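The following features are taken from TrEMBL:
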type	residues	note
ACT_SITE	Glu103	active site, nucleophile
ACT_SITE	Glu107	active site, proton donor
DOMAIN	16-217	domain 'GH16'
CARBOHYD	Asn111	N-linked glycosylation site
SIGNAL	1-18	signal peptide
Amino acid sequence: MGALKVIALLLLVELALSARLPPKSDVSFSENYYVRWANDHTRVLNGGSEMQLVLDKASGAGFGSRSKYLFGHISMKIKLVPKDSAGTVTAFYMSSETDKHDEIDFEFLGNVSGQPYIVQTNVFANGVGNREQRHYLWFDPTQDFHSYSVLWNKQQIIFYVDDVPLRVHKNNEAIGIPFPKSQPMGVYSSLWNGDDWATRGGLEKINWDHAPFVAAYKGFSVDACAGGVESCSAPKGNWWEQEAFQSTDEETKSKLKWVKDNYMIYDYCTDSKRFPTTPADCGQF
């Protein structure tokens, strides 16, 4: 066995034992992504290793992946809109973009200058969402780039902020809850005007005197299976299929508890106004 194969095997063994995400190399924006709308509201910098989306009164902007994926690890390094970003929404998400779509969302909700950013996460399966959670971030996401990522396999979806697990969404098909596992999803991001709902329920509007609003991105590599059910559902020995990533270990549970106890501000599971009967998947962690 060659030296490179030995190193690769040792890396897989280490990952299986530690359930840690592997490091990812950066690639240029154009290798995996393209501008989907408002090209004149984007800026590609540093030879394509960084790009920016711009929002002003005329338009926002968005980009998407060149491929669709079924299972894997998707991440992006983002520096969010600074200062008074009230009413702006920076979205980083996966979607099948079908009639009964599957979707996995990060939405970063802007704020009046000096207030903490809120990140809203959600999961859709067969067109049904209503699985929102909201958290404050424990740092200022406008001062530097931070990694936001999704680990997605047949058993669970884990949202990460840097290396900290923010949320786990389990496959609860056994109790009748649909789970996204059959529709390939593209990876997308956009910066847009959401001031009818994003900040204090729409009470805080965008102050266009502070435009243009800019969100910056880098780290455009994707580590996922590009294709559909036939090519991606059969076991292929990918690292995200390893046993260590099929369930939530004690270290991950401890970090999730820390995030929940200190930074969670909304959970659909405890919203009795929206759900007089607690959703069946709550308590299945």
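Placed from the backbone N, Cα and C atoms, the Cβ positions cover glycine too.
In TrEMBL, annotation is done automatically, which means it is predicted and not curated.
Keep in mind that this is a model prediction, so the values were computed, not measured.
Long-range Cβ neighbours of the residue listed as 'active site, proton donor' (same chain, at least 6 residues apart, Cβ-Cβ under 8 Å): Val89, Thr90, Ala91, Tyr93, Val119, Gln120, Thr121, Asn122. Of all the recorded positions listed (Glu103, Asn111), Asn111 sits in the most crowded Cβ setting, with the most other Cβ atoms within 10 Å. In this structure the C-alpha atoms belonging to the residue listed as 'active site, nucleophile' and the residue listed as 'N-linked glycosylation site' are separated by 25 Å.
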